[in-house]
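What TrEMBL records for B:68-151 is domain 'GHMP kinase N-terminal'. According to TrEMBL, the ATP binding site annotation covers B:92, B:93, B:94, B:95, B:96, B:97, B:98, B:99, B:100, B:101, B:102. Under the heading domain 'GHMP kinase C-terminal', TrEMBL lists B:212-288.
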């Protein structure tokens, strides 16, 4: 075994739900993202030697999602040696941008490279989902799948798992504004009702069908007409300060649509051009400008690629 | 005015709901269908001089959907003269195949031709919807839109009305078996609950998104995996004799998927080839063969075209 081989993988932030696609649709951003560094070690098991970029995340491999993902892969592949991992968080925790998903996806991708690619990227989704199970108690795929695969990804079904990559059939730019308030996914989920009115359900699936059609046909107007969420946004947006004002500002500034990213508090907007997306960013930042609430914001194209290898170093013994 | 000009239009049967697309998705069949014959008359108003093909439909233009559609078009266009209409029903009433929709669509199409095409075919949807309002009390579009436009049609929204024609991006064949029992749409609707479980809603819109993706990408396997209805079919199928057996037979015989057409009692199945669709027809007919329940059945390609002109006669005075 060459324990001098390092792999570093990157996996990006993601926007899940996308207004009308609750629990079944997500898309990747170009940045921010998380990095996982991995190398083999002689002793069995997973160790996490460092977590940088945020404070408060555990180095215990049974408590940190990257450890959980790596351990599951080692077990399933019946690999005797162990791995040492490091995590660099580019993503804030509890942002609604798929923070645990990006870590899980980067870990799965790094492990797969380190182990000689036993899996396709799509097959890694189930491993990254183990990180989501650890983080939130349920193995959601609508963040990990786009973080791994890039573009838009539909999770048609969980039982059986059916991941449908849609790619990026039409050029789109995403603006995200992240008010610096933490909102736990568990809280955002707990306020959801167990039943929904049939009439709202019909509008929701009509809009989702419209959004998918708009994406696949490259119809910006249809995408814009479809980006609505009448079920969850009214309930969840009350947890996000200035949501309604920020959304109104985004639409006024020309966004195709705007909604809650995942379970919030981040707010996303989609635009047809980068220029538009930057105007939307400016307009949304203005809303928060005088409020005393700090925001971080991002503008990125929706990328075709998700998780990727960013460094692979094989040191020769002489150099080691 | 030349009152010797005749127009005859045809509009086909349609399958609405399509398993996971309740109230928002429908597709056209090639046949059966209804025909509406129309000519101008000097006196104002609408008269219906004949209804053939079925018994029991009213000649009163305020009671028959074709009269309602024609009257609305004359009123909106502020046309002083009247029209004489005849209806030939090729479609059984109460079949779940969009019987009133086909009549309404044929009437709207015939009127538009007779009046010099003031509307696009898509604009006729709102007029044909008036017939649906008359027939069922609510102005549904998921039958009239595909009957007019052909192919698959998405009704993204009713308020505002947003009709999205999907065409026929992939070759598909439809088998329909119509058990000869009448089932009123109003009864089939009355058993629906006002609320649905969120988890079932998520599965439903995941499947609809999968179906739309499968159609637009020509992915037969995805179409098949998506053709499920976990919300309405369990409640409605109990009204249809031998539904579960017929569906199982269709799937065994190779159908991509199978479900209730509209609110029933007709059962539809989609197949990738005509040969398959005919095998499915045979298998479903076998189920009813020894039951004492008569069935009518149809196999048609899903056509690109919906309503159409089938006869236009301008008689010269000397020949009249």
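Backbone N, Cα and C define each Cβ position, glycine as well.
Because TrEMBL annotations are produced automatically, they should be read as predictions rather than curated entries.
Taking the mean position of the Cβ atoms of B:92, B:93, B:94, B:95, B:96, B:97, B:98, B:99, B:100, B:101, B:102 as the ATP site, the remaining residues of that chain whose Cβ falls within 8 Å of it are B:13, B:91, B:143, B:262. Cβ neighbour count for residue B:92 (ATP binding site): 18 (other Cβ atoms within 10 Å of its Cβ, all protein chains included). Residue B:94 (ATP binding site) counts 18 other C-beta atoms within 10 Å of its own C-beta, drawing on all protein chains shown. DSSP assigns residue B:92 (ATP binding site) to coil in the three-state reduction, outside any helix or strand.
The DSSP breakdown of the domain 'GHMP kinase C-terminal' (B:212-288) into helical (H, G, I), extended (E, B) and coil residues amounts to 45 helix, 9 strand, 23 coil. Other C-beta atoms found within 10 angstroms of the C-beta of residue B:100 (ATP binding site) number 26, with every protein chain shown included.
Break the domain 'GHMP kinase N-terminal' (B:68-151) down by DSSP state and the numbers are 46 helix, 7 strand, 31 coil. Confidence across the domain 'GHMP kinase N-terminal' (B:68-151), taken as the mean pLDDT and rounded to a whole number, stands at 96. Ranked by how many other Cβ atoms sit within 10 Å of their Cβ, the binding-site residues B:96, B:98 place B:96 at the bottom.
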